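Annotated in TrEMBL:
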| type | residues | note |
| --- | --- | --- |
| TRANSMEM | 220-242 | transmembrane segment |
| TRANSMEM | 283-310 | transmembrane segment |
| TRANSMEM | 316-341 | transmembrane segment |
| TRANSMEM | 353-376 | transmembrane segment |
| TRANSMEM | 382-412 | transmembrane segment |
| TRANSMEM | 443-466 | transmembrane segment |
| TRANSMEM | 472-500 | transmembrane segment |
| TRANSMEM | 512-531 | transmembrane segment |
| TRANSMEM | 543-560 | transmembrane segment |
Amino acid sequence: DFCQAEGKKRPSENLGQVLFGERIEPSPYRFTFNKKETCKSVCTKTYDTTKPEDKQKLDFLKKSMLLNYQHHWIVDNMPVTWCYDVEDGQRFCNPGFPIGCYITEDGRPKDACVINSEFHEKDTFYIFNHVDIKIYYHVVENEALGARLVAAKLEPKSYKHTHPDNPDCTGVPMDISNKASGAVKIAYTYSVTFHEEKSIRWASRWDYILESMPHTHIQWFSIMNSLVIVLFLSGMVAMIMLRTLHKDIARYNQMDSTEDAQEEFGWKLVHGDIFRPPRKGMLLSVFLGSGTQILIMTFVTLFFACLGFLSPANRGALMTCAVVLWVLLGTPAGYVAARFYKSFGGEKWKTNVLLTSFLCPGIVFADFFIMNLILWGEGSSAAIPFGTLVAILALWFCISVPLTFIGAYFGFKKNAIEHPVRTNQIPRQIPEQSFYTKPLPGIIMGGILPFGCIFIQLFFILNSIWSHQMYYMFGFLFLVFIILVITCSEATVLLCYFHLCAEDYHWQWRSFLTSGFTAVYFLIYAIHYFFSKLQITGTASTILYFGYTMIMVLIFFLFTG
């Protein structure tokens with residue numbers, strides 16, 4: 001219940017912003033360039049606590065101050081930041097500022113109340129009803145005369161205006177006692193000053209926000225950490241391949257003439273069973289198709305992000321790019337699924353195509369739709385309008401599905417993948433397996449290494465989704481992505497080799513699940529993050545958190561697998 005802008009049109013958002021729940025509203029704060037304003041009134045809100053609807057609005061304000069809700073303002077596509085000093089003499093620039101703050105019953109200031117010693121009344125809310133806005137500009141030389149906005153900063157203040165119609169912005173802070181009754185009057189005001197800033201170029205105006213984000217050194221440490229894992233794995237894979245395979249092949253070449261060729265051992269014994277089609281081959285081929293689609297989508301999105309097309313300045317660009325790419329990449333999904341299904345000797349090609357186009361996207365969409373219903377039921381502005389839902393469905397049914405069919409058509413037209421050895425008629429018996437070559441322990445071990453590579457990045461990504469910090473380290477993320485791909489492949493190759501040496505030839509599902517199990521660790525980490533980092537209360541919010549997490553986990557499972 002803040003001041004509203006009368007009769008101004010709402011700016012329109014792109015697909016990515018709508019999906020992420022960003023809505024931009026017009027503002028009642030009016031500036032004219034280089035015109036200084038001091039203590040200008042915007043509007044006054046009066047709450048009569050004897051009326052139930054007024055009391056409800058006031059209670060909502062109190063609740064949002066208690067939970068440290070933030071205002072996010074935009075000027076010329078720049079976030080208006082609130083910069084304050086933190087320890088070690090660094091300045092932190094927050095792209096939002098709190099509505100207000102609360103002093104507890106035993107006189108402890110919470111959150112933003114520490115900024116002013118005048119906030120000392122116990123069990124009292126202080127609302128930031130005045131803002132001092134400083135706008136920094138850079139006069140453009142050598143072109144047609146004009147100025148560019150390079151930064152916008154503000155200081156939130158709290159004043160109890162004695163004459164709301166003619167405010168003077170001095171005096172005591174605006175306090176709302178928790179037990180107060182009667183009428184509460186809140187007058188909203190602002191001051192704005194303009195400063196010329198010669199040192200900041202327009203192109204680098206985002207830097208001051210990003211510089212105040214900590215943690216770049218942790219990143220390098222985690223990258224080194226991951227690289228060591230990768231080198232270690234690559235070394236192991238290379239050694240095993242070179243030593244054993246070289247030895248075995250040399251031995252085979254010697255034995256051509258003699259009759260010792262009967263005594264086979266290790267993985268040689270299963271050559272007649274190695275290409276036996278897996279159980280549930282249909283599902284595996286569908287997963288492989290969807291996984292390919294997600295893999296290429298992630299690669300291209302991150303590649304563009306590295307080149308700087310998807311910076312935080314283009315709001316919602318990242319999500320838009322990912323969705324559009326995912327829709328256009330139906331063809332590789334259909335093709336891969338069809339190729340594998342055909343090589344597994346499958347006959348039901350229609351079912352295969354339909355499952356590829358509808359199974360995984362369908363699960364994601366259903367989950368998304370349920371989350372949207374909850375948001376809509378809670379009356380949240382993040383609920384996606386019906387028009388957008390129809391648009392997404394249209395993208396899926398009219399573009400993605402036909403493309404999948406085209407891919408599948410080419411996949412089924414090509415000859416099945418030729419196997420180098422014939423499959424025996426009778427399946428061989430699998431000997432008793434030791435503990436670590438049994439399917440489950442192998443799969444659980446396989447997920448640990450890839451997860452070790454990414455979990456520091458995960459922390460920052462989850463922060464950017466749930467705690468509204470900006471994520472801009474796409475260079476790091478691209479590196480980590482490449483490392484993750486290598487680690488997943490190598491860990492799987494290694495474990496697969498050990499299993500074949502133990503004469504267990506059911507390798508197809510196991511190799512998919514070995515790296516796919518990373519997603520389970522991701523889920524465990526997300527649960528840990530929920531309980532340790534987020535103070536989320538309320539059923540709806542919890543369901544939303546886990547609903548969106550499940551979508552991420554499924555996508556990640558298909559991608560790693």
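Backbone N, Cα and C define each Cβ position, glycine as well.
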Flag the pair the transmembrane segment (512-531) / the transmembrane segment (443-466) as in contact if three or more Cβ pairs fall under 8 Å (sequence separation 6 or more).
yes
Can we call the transmembrane segment (382-412) and the transmembrane segment (353-376) in contact, meaning three or more C-beta pairs below 8 angstroms at a sequence separation of 6+?
yes
Region pair the transmembrane segment (353-376) / the transmembrane segment (316-341), three or more CB pairs under 8 Å:
yes
Out of 220-242, 283-310, 316-341, 443-466, 543-560, which stretch has the largest tally of CB pairs under 8 angstroms to the transmembrane segment (472-500)?
220-242
Contact between the transmembrane segment (283-310) and the transmembrane segment (316-341) (3 or more Cβ pairs under 8 Å, separation 6+):
yes
For the transmembrane segment (220-242), find every same-chain residue at least 6 residues outside the stretch whose CB is under 8 Å from a CB in it, and list them.
449, 452-454, 456-457, 476, 479-480, 483, 486-487, 490-491, 493-494, 497
